[in-house]
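Comments concern the structure below.
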Amino acid sequence: MHRLQVVLGHLAGRPESSSALQAAPCSARFPQASASDVVVVHGRRTPIGRASRGGFKNTTPDELLSAVLTAVLQDVRLKPEQLGDISVGNVLEPGAGAVMARIAQFLSGIPETVPLSTVNRQCSSGLQAVANIAGGIRNGSYDIGMACGVESMSLSGMGNPGNISSRLLESEKARDCLTPMGMTSENVAERFGISRQKQDDFALASQQKAASAQSRGCFRAEIVPVTTTVLDDKGDKKTITVSQDEGVRPSTTMQGLAKLKPAFKDGGSTTAGNSSQVSDGAAAVLLARRSKAEELGLPILGVLRSYAVVGVPPDVMGIGPAYAIPAALQKAGLTVNDIDIFEINEAFASQAVYCVEKLGIPAEKVNPLGGAIALGHPLGCTGARQVVTLLNELKRRGRRAYGVVSMCIGTGMGAAAVFEYPGN
């Protein structure tokens, strides 16, 4: 109820004093390791391909998913039959990709005795898969499991909400669930005063950070090169290997961004340059109970400290992280100042800027390797991809630290998770 009052008060333009949204003095506390901790053992991802134009435009999602499932198991030398469960986030495939994901499991050599489910919480599906596997570990259903996300936006259609009752006309919030995502971005920009200049500044920074990270090889440890077949303009098959993200544009300039026309509304501020890219990709994260990881001699890349999902108004769904992040931090007993890296999905620059400003997050802590504006946003994959990128970057830095993964969710939600990197 308090959160609802805070959200409604902010939407009405009233000042609020919720301490959960304020950056408090640094109070980082690293808890003692517990045998029951849910730990991240390892994670890999495919490169992110440009939908309909990139190297994965003809690659089916089961092949993308199989690539990361196989790589994670091989990297840590885990026997596939030791998995207790697999959860796969997917948005666009029929039935959240339930059949596709089970096929990918078998293509990866994982036996039928290992169960699998899929989940669709839209843009947070990959992170929800992580939470689902963590929940199974915590409740004792199993000790080790795989959380994944996958999306082929090249091969799957968007925009059909399915069979909807005509009674949605009776509810404003129900109608708002059908607001096009681009229009929710325009709503955020207008309602909260996020200028075109701020959006383009944020987009340029994302491209520059991603280009720098790519040139320095920062993604090399997390990316699984994928050899696949692509059809050229003449319809001829060609075998290629995709080994790096395709959406990064090192030549991006403010002048170039400023020339782009509004994509969703005349006189609007959301453009193709300050929005996330339509993309293809997959990611997989291996989780375990700490005691099981130690028993099997598996590495520990991180510890899941908290997870939260919140609801916000559907027509400004992009503000979700501004409310999910404080909820996750509170569960972990932490503040904004305790976090070294915030991986906040850049669905649109408008909503990302709003969330960063609302929470008072220093710019240098936000998406240090770039985000979805530069890297791309394969819907079901993104949450799992962010976990892999976050923990690998914390590992590169070497010291014990906390990081946050968060994203907005279509129809009006936000999700966030807090991870601890244990230090080299």
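Even glycines carry a Cβ here, placed using N, Cα and C.
Listed ranges 1-26, 131-156, 391-416; the one Swiss-Prot annotates as region 'PTS2-type peroxisomal targeting signal' is 1-26.
Scan Swiss-Prot for N6-acetyllysine across Lys234, Lys238 and the hit is Lys234. Residue annotated by Swiss-Prot as N6-acetyllysine (from the set Lys173, Lys259, Lys331): Lys173.
The separation of Cys408 (active site, proton acceptor) from Lys173 (N6-acetyllysine), Cα to Cα, is 17 Å. Cα of Lys234 (N6-acetyllysine) to Cα of Cys123 (active site, acyl-thioester intermediate): a distance of 34 Å. Reported as a whole number, the C-alpha separation between His377 (active site, proton acceptor) and Cys408 (active site, proton acceptor) equals 12 Å. Remark: of the active-site residues Cys123, Cys408, the most isolated position is Cys123 (fewest other Cβ atoms within 10 Å of its Cβ). For the recorded positions shown (Lys173, Lys234, His377), fewest C-beta neighbours within 10 angstroms: Lys234.
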